[in-house]
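As given in TrEMBL:
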type	residues	note
COMPBIAS	136-148	compositional bias 'Pro residues'
DOMAIN	15-114	domain 'DUF7507'
DOMAIN	146-183	domain 'Gram-positive cocci surface proteins LPxTG'
REGION	126-156	region 'Disordered'
TRANSMEM	160-180	transmembrane segment
Amino acid sequence: MPRIFAGHFSLLVELKLEKSVIDLRDSYLPGDKVRYEFVVTNTGDVTIRELVIVDEMLATANVAVTCDATELAPGAATTCTSAEYTVTDADAAAGTVTNVAVATGSTPSGVPAVSNEADAVITVKVPSTPTTPTTPGTPTPSTAPPKSPTGNLPGTGTTFNGGLLLAGALLVLAGAGVLVRRRMAK
């Protein structure tokens, strides 16, 4: 904590940083979007100007961070938010992303102010590979002749039984013979 000495008293130059994930979820997948929020408080005794958030991971990914205010009077606070960070395959391979940042600025007389390091952690999962369902193939028609039934299957009327036809014809003839005899006997 740098102190500025002015006569018989000193001024405390100090920033406090808190960092969190906006709409934090249990886990993320590659391609998901993440936004971070930073709350910077001037806990010192002197105004801090040119306030910025230094976040290497977001800077490397070209993700901007903007603050509601860039000058903080003693005891004042401001909120800064990041644009969307896109979760990568490398993040999924690591399993988690621990993102660290600091807030920096300077006093009107040019004394630098640097906050504590603050981090936010997200869990990233490797997406499961979906299994492709197999489509059943088109059945090929059989070239073999139909099999004749075996065993004790009931007849369905589709087969010809010559013996039964012959027995029926004989009954009809016998009945006709009986009628003819009766008529002759009269």
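Placed from the backbone N, Cα and C atoms, the Cβ positions cover glycine too.
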Lying 6 or more residues past either end of the compositional bias 'Pro residues' (136-148) yet within Cβ distance under 8 Å of it, the residues of that chain are none
Model confidence over the domain 'DUF7507' (15-114), as mean pLDDT, sits at 95
For the domain 'DUF7507' (15-114), the DSSP residue counts stand at 11 helix, 52 strand, 37 coil
DSSP assigns the residues of the compositional bias 'Pro residues' (136-148) as 0 helix, 0 strand, 13 coil
